[in-house]
Amino acid sequence: MAEEAAVRVQAEAVRRLKQDQADPDEIAKEVAKLLEMKAQLGGDEGKHKFVLKTPKGTRDYGPKQMAIRERVFNTIISCFKRHGAEVIDTPVFELKETLTGKYGEDSKLIYDLKDQGGELLSLRYDLTVPFARYLAMNKITNIKRYHIAKVYRRDNPAMTRGRYREFYQCDFDIAGQFDPMIPDAECLKIVHEILSDLQLGDFLIKVNDRRILDGMFAVCGVPDSKFRTICSSVDKLDKMPWEEVRSEMVGEKGLSPEAADRIGEYVQLHGGLDLIERLLQDPRLSQNKLAKEGLGDMKLLFEYLALFGITGKISFDLSLARGLDYYTGVIFEAVLLQQENDHVEEPVSVGSVAGGGRYDGLVGMFDPKGRKVPCVGVSIGIERIFSILEQRVEASEEKIRTTETQVLVASAQKKLLEERLKLIAELWDAGIKAEVLYKKNPKLLNQLQYCEDTGIPLVAIVGEQELKDGVVKLRVVATREEVNVRRESLVEEIRMRTSRP
């Protein structure tokens with residue numbers, strides 16, 4: 001109690017100094033003393049002070065962000081459905097052994113959960129491994145599916161670039177034994193459609209094949225045991241110059257400088273059908289069975305992509321490696337080429353916005369009899385796309401509607417709450433999205449202002465005269481035009497005026 005009394009005395013001293021218009025430095029000193037005493041005294045004893053923040057690498061989404069996100073999801077889902085996909089869902093956590101050993105060097109990013117009830121569990125790292133487990137467990141050999149859900153990675157988050165520890169993935173996969181490259185071409189067409197529909201700016205889809213990479217490593221003199229680790233170094237070429245990647249291969253991973261230099265000749269190549277033709281004639285690569293197979297399929301893939309009319313946005317790129325262990329054939333990654341944004345000095349760099357490939361061996365890892373189900377799939381990087389669109393909306397100051405309300409039921413006179421509630425119930429029952437202000441006698445001006453603020457396009461006004469005449473006054477908020485509509489025709493009139501063109 002003595003300490004609290006001292007604080008009160010100190011506070012009184014500060015008040016007097018201010019009253020006497022004392023020297024500002026003197027006041028500042030006394031205020032600092034007072035704050036120090038308060039800090040020592042602490043808050044209410046026994047009360048725990050909560051830190052109000054979301055965990056590292058996560059974020060909240062307010063109504064405005066969710067409205068943008070919903071728009072993106074709708075674009076993606078309608079594309080998946082257009083291509084005939086069914087939807088599935090799987091648990092957010094899996095048995096730890098299901099996920100172990102499927103992600104190469106990235107396995108260290110898996111979130112393990114404490115033992116609960118005798119099972120060792122981990123949060124899912126992606127949607128592909130759970131999908132393979134689902135296929136094996138249910139003995140499914142043929143499915144085209146999409147799955148949109150949250151995944152978890154114990155990564156170092158870079159939130160401004162859309163890198164989180166908890167984030168959504170939007171996956172589309174085709175499982176089954178089909179003729180080569182037809183499903184693979186469709187996956188690339190899907191990426192092209194989605195990125196075009198979202199209008200994110202110029203993009204490029206890089207394509208390679210795990211077999212071409214492995215064949216290239218073999219002819220360049222990389223020992224079998226180093227294939228995967230060298231692959232993950234090559235995968236960094238989009239973020240690091242060749243010299244740094246080379247020194248990592250030689251210095252950290254023990255590759256011979258000669259092998260690294262030979263790899264360097266290949267991984268800096270990119271192009272289209274002409275490059276594929278050239279590599280098919282390459283004296284070293286053409287001698288390697290794996291590389292030859294991969295190049296043959298790549299040629300076929302480009303022929304199909306030409307039929308789809310999308311080769312202008314596709315680049316065969318020998319530096320693309322995609323570090324995940326489970327890829328067996330074609331791999332691809334979509335990147336945005338630049339971010340046009342006049343309001344930001346630095347262009348927004350968001351890395352890849354979609355990626356995927358063929359993984360023919362993954363289901364067999366789970367199947368007790370080792371039965372293989374060939375699969376190819378694509379994952380859309382929704383968080384990165386969302387980051388771009390959110391920044392674009394901020395910069396343009398575009399007004400985002402956070403509700404879909406079509407009409408506000410209002411009244412111009414007092415004592416009409418009952419009539420407003422009767423009318424809004426009729427509208428709700430007819431499937432109209434409607435709101436009413438929660439006041440008995442709201443001012444008409446306040447009701448109209450609410451529509452302006454929230455973007456509600458119509459106001460249905462009930463008044464004594466309208467009730468007598470069996471009509472409702474329908475007001476268009478944007479133009480202030482008013483029409484009387486027969487009560488029985490109101491639902492149809494609202495539908496007609498708010499249906500999207």
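Yeah, the Cβs are placed from backbone N, Cα and C, and that goes for glycine too.
For 1-55, the entry in TrEMBL reads domain 'WHEP-TRS'.
Sequence annotations record features per position, and here TrEMBL assigns domain 'Aminoacyl-transfer RNA synthetases class-II family profile' to 57-389.
Residues or ranges marked as L-histidine binding site in TrEMBL: Asp126, Leu127, Thr128, Arg153, Gln169, Asp173, Arg322, Tyr326, Tyr327.
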Would you mind ranking the binding-site residues Thr128, Gln169 by how many other Cβ atoms sit within 10 Å of each Cβ and giving me the lowest? Gln169
Who sits close to Arg322 (L-histidine binding site): which same-chain residues at least 6 apart have their Cβ under 8 Å from its Cβ? Asp235, Ile331, Glu333, Gly355, Gly357
Close in space but at least six residues away in sequence, with Cβ under 8 Å from that of Tyr327 (L-histidine binding site), the same-chain residues are Arg210, Gly357, Arg358, Tyr359
Please work out the number of neighbouring Cβ atoms within 10 Å of the Cβ of Asp126 (L-histidine binding site), leaving out its own Cβ. 19
Mean pLDDT for the domain 'Aminoacyl-transfer RNA synthetases class-II family profile' (57-389), as a whole number? 89
